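Taking it in order: structure first as structure tokens, then the write-up.
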Amino acid sequence: MGNNVVVLGTQWGDEGKGKIVDLLTEDAKYVVRYQGGHNAGHTLVIDGEKTVLHLIPSGILRDNVECIIGNGVVLSPDALLKEMAPLEARGIPVRERLFISEACPLILPYHVALDQAREIARGNKAIGTTGRGIGPAYEDKVSRRGLRVGDLFDKVAFAEKLKEVMEFHNFALVNYYKVEPVSYEEVLEQAMSYADLLTSMVIDVTDTLDAARKRGDKIMFEGAQGTLLDIDHGTYPYVTSSNTTAGGVAAGSGFGPRHLGYILGITKAYCTRVGSGPFPTELYDGLEKQDPIGKHLGTVGHEFGATTGRLRRTGWFDAVAMRRAIQINSLSGMCLTKLDVLDGLEELKICTGYQMKDGSLLEVSPMAAEAFEEATPVYETMPGWSENTFGAKTLEELPQAALNYIKRIEDLTGVPIDIISTGPDRNETIIKVHPFQA
């Protein structure tokens, strides 16, 4: 039985991780975020009530769960407090069940200013960031000039460090990007106001998780974004600024990698992407590509970013990119989400290879974005189904064509589909193998 489960996205994010984490945390004691920031958007629907979380782990709606934000997460105190407020208004005791690593890098207003100024300066070559300061905060961390949560509790030292780093960044804002500088006094005052609010939630995450492991507590690690957005393994440079893959769990939480158990890869029954970057199986982007099936996927699937509200680009399932995600993450099993969105389509396609300009046929996706751009997808066609799969809770409720589609994805990837999601609510799910019982 696996006590430690990793849940991560295998595509370009927005795969439906939040729902699955919420579902599986019925059996968990801890849910841990280990990378990213409030650029994530995890949507939960429980008894018809919708909750969107960006920074707080998706287990917060479970009374039995303690939630942890690990050191690999870049933390905006302002965003965190704004996210906590409506949850507390609903009677959820967030401060009693949410804990934060003192080593989390802080996102402060100058990071946001830098992020937005850079995107504007890039023009039509913009990466498509959320503009929330994620990348600049990670840059400060790597350059060893970043401020961390633990720094908030020494006002004198914090003020000195802040002054130095803001002089550095304001110089770039004014002289390179030609925008207004960020006020040091305002940032300092705001940051100091966070110290008293956060102090009760700050813990030694590594020690807490190790003690939990020794007790036999069940721990779930919740990934944000998706494998193909990983800073090292994604479609660089159209990626996020953190390691979204299974390898990021240990580094971003301080939990020993040898203790990780089942790794669940969340994948949509089709593909979506938000923002810029290559997308070989793309059908619809709302601009140049207007394939009606792609539009159907976006409309029926409600494909708008939970964080940005941006229209998601849509396309067919890509087994080639999935094979790369499986290699990187050593998946134990997959969860196929939004199967019901395919209802009513007469014909389905699965990308089984990339035809490259040099005549070669790739069965595993390349690393660089440039190589992705030149790939022409090779499709295998399968019959669709007219029956309604929405809300199905057993395999017996699925039409044979849907079962064939699921089986074909398993055959093409070599990984079992252990969970099938047929709707947004936590109970609209078919669980073949439970990760905590695998």
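Using N, Cα and C of the backbone, Cβ positions are placed for all residues, glycine too.
Annotation comment: Swiss-Prot describes 13-19, 41-43, Arg312, 338-340, 421-423 as GTP binding site. Reduced to three states, the DSSP call for His42 (active site, proton donor) is strand.
Take the CB of Asp14 (Mg(2+) binding site) and look out to 10 A: across all protein chains shown you find 29 other CB atoms. Marked as Mg(2+) binding site by Swiss-Prot: Asp14, Gly41.
Secondary structure at Asp14 (Mg(2+) binding site), as computed by DSSP, is coil. The feature IMP binding site is assigned by Swiss-Prot to Asp14, Glu15, Gly16, Lys17, Asn39, Ala40, Gly41, His42, Thr130, Arg144, Gln225, Thr240, Arg310, with sequence analysis given as support.
The active site, proton acceptor feature in Swiss-Prot is assigned to Asp14; the stated evidence is sequence analysis.
The active site, proton donor annotation in Swiss-Prot covers His42.
The feature substrate binding site is assigned by Swiss-Prot to Ala306, Thr307, Thr308, Gly309, Arg310, Leu311, Arg312, with sequence analysis given as support. Remark: Gly309 (substrate binding site) has no non-local neighbours by Cβ distance under 8 Å and separation of at least 6 in sequence.
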Between Gly41 (Mg(2+) binding site) and Thr422 (GTP binding site): CA-CA distance (Å): 20
Largest CA-to-CA spread of IMP binders Asp14, Glu15, Gly16, Lys17, Asn39, Ala40, Gly41, His42, Thr130, Arg144, Gln225, Thr240, Arg310, angstrom: 34
Within 10 Å of the Cβ of Asn39 (IMP binding site), how many other Cβ atoms can be counted across all chains shown? 29
Within 10 angstroms of the C-beta of Leu311 (substrate binding site), what count of other C-beta atoms is obtained when all protein chains are considered? 16
Length of the line joining the Cα atoms of Arg310 (IMP binding site) and Thr43 (GTP binding site), in Å: 15
